[in-house]
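A.B. asks: Okay, so Swiss-Prot annotates it like this:
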- 2-82: domain 'GST N-terminal' (DOMAIN)
- S11, A12, H40, K41, K53, V54, E66, S67: glutathione binding site (BINDING)
- 90-217: domain 'GST C-terminal' (DOMAIN)
Amino acid sequence: MAMKLYGDEMSACVARVLLCLHEKNTEFELVPVNLFACHHKLPSFLSMNPFGKVPALQDDDLTLFESRAITAYIAEKHRDKGTDLTRHEDPKEAAIVKLWSEVEAHHFNPAISAVIHQLIVVPLQGESPNAAIVEENLENLGKILDVYEERLGKTKYLAGDTYTLADLHHVPYTYYFMKTIHAGLINDRPNVKAWWEDLCSRPAFLKVSPGLTVAPTTN
């Protein structure tokens with residue numbers, strides 16, 4: 001039986017899992033969850049994720065939530081299919097993948113997601129973005145990208161010379177970020193820009209990106 005992924009493909013966190021599924025050439029069923037109708041707050045969904053956020057994944061008797069936990073599971077279960085996203089055959093390489101995945105989760109994502117929330121989500125809720133929050137997180141993001149610029153001057157991808165979860169996890173929020181007037185934070189750093197353009201050229205991304213349809217209503 002194919003895995004069932006519950007969510008809306010416009011969600012960055014759902015897209016993160018979709019990218020992984022496509023990279024691993026894994027059969028799955030996407031079960032739509034209407035976020036605008038708050039279907040992620042219904043009891044049927046809360047039984048899968050008590051925090052009421054997409055995505056959730058069901059694989060036989062296993063239910064998972066949190067996108068990075070889901071991608072780790074998919075990458076491990078299907079380690080011999082598709083792209084090797086974890087470098088599991090070499091403990092040192094695998095450790096570097098985990099290291100840069102932690103950087104994404106604890107440094108990059110908090111900054112970029114805060115910007116996206118203010119510029120895309122808040123206006124959709126009929127409110128005005130908080131300029132101070134945007135500015136503070138753009139400053140933090142710039143410092144993080146300076147570290148990336150140096151790193152990507154040494155390796156093609158964050159965890160080495162092959163594409164892994166450490167790169168994949170960045171893609172959806174960065175895609176939305178590049179739709180804003182602040183895309184220069186990426187484009188003005190040659191190594192980061194080249195890395196991003198490489199990520200955008202992957203077949204899995206080309207399958208997922210049409211679903212990322214939310215656009216900024218303010219800059």
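Cβ atoms are placed via backbone N, Cα and C, with glycine included.
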A.B. asks: Would you mind checking how many other C-beta atoms are within 10 angstroms of the C-beta on S11 (glutathione binding site)?
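C.D. replies: Cβ-Cβ neighbours of S11 (glutathione binding site) within 10 Å number 22.
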A.B. asks: So how many of the residues in the domain 'GST N-terminal' (2-82) end up helix, strand or coil by DSSP?
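C.D. replies: Taking each residue of the domain 'GST N-terminal' (2-82) in turn, the totals are 30 helix, 18 strand, 33 coil.
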A.B. asks: Please report the number of other Cβ atoms within 10 Å of the Cβ of A12 (glutathione binding site).
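C.D. replies: A 10 Å sphere around the Cβ of A12 (glutathione binding site) contains 22 other Cβ atoms.
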A.B. asks: Could you give the maximum C-alpha to C-alpha distance in Å for the residues S11, A12, H40, K41, K53, V54, E66, S67 that bind glutathione per the record?
C.D. replies: 18
A.B. asks: For K53 (glutathione binding site), which residues of its chain lie six or more apart in sequence with Cβ-Cβ distance below 8 Å?
C.D. replies: C13, H40, F65
A.B. asks: Could you put numbers on the helix, strand and coil content of the domain 'GST C-terminal' (90-217), residue by residue per DSSP?
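C.D. replies: The domain 'GST C-terminal' (90-217) comes out at 90 helix, 2 strand, 36 coil.
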A.B. asks: For the binding-site residues H40, S67, which one has its C-beta crowded by the most other C-beta atoms within 10 angstroms?
C.D. replies: S67
A.B. asks: So if I draw a 10 Å sphere around the Cβ of E66 (glutathione binding site), how many other Cβ atoms end up inside it?
C.D. replies: 16
A.B. asks: For K41 (glutathione binding site), write down the residues of its own chain that are at least 6 apart in sequence and whose Cβ falls under 8 Å from its Cβ; none is a fine answer.
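C.D. replies: Those within reach of K41 (glutathione binding site), by Cβ under 8 Å and sequence separation of 6 or more, are G52.
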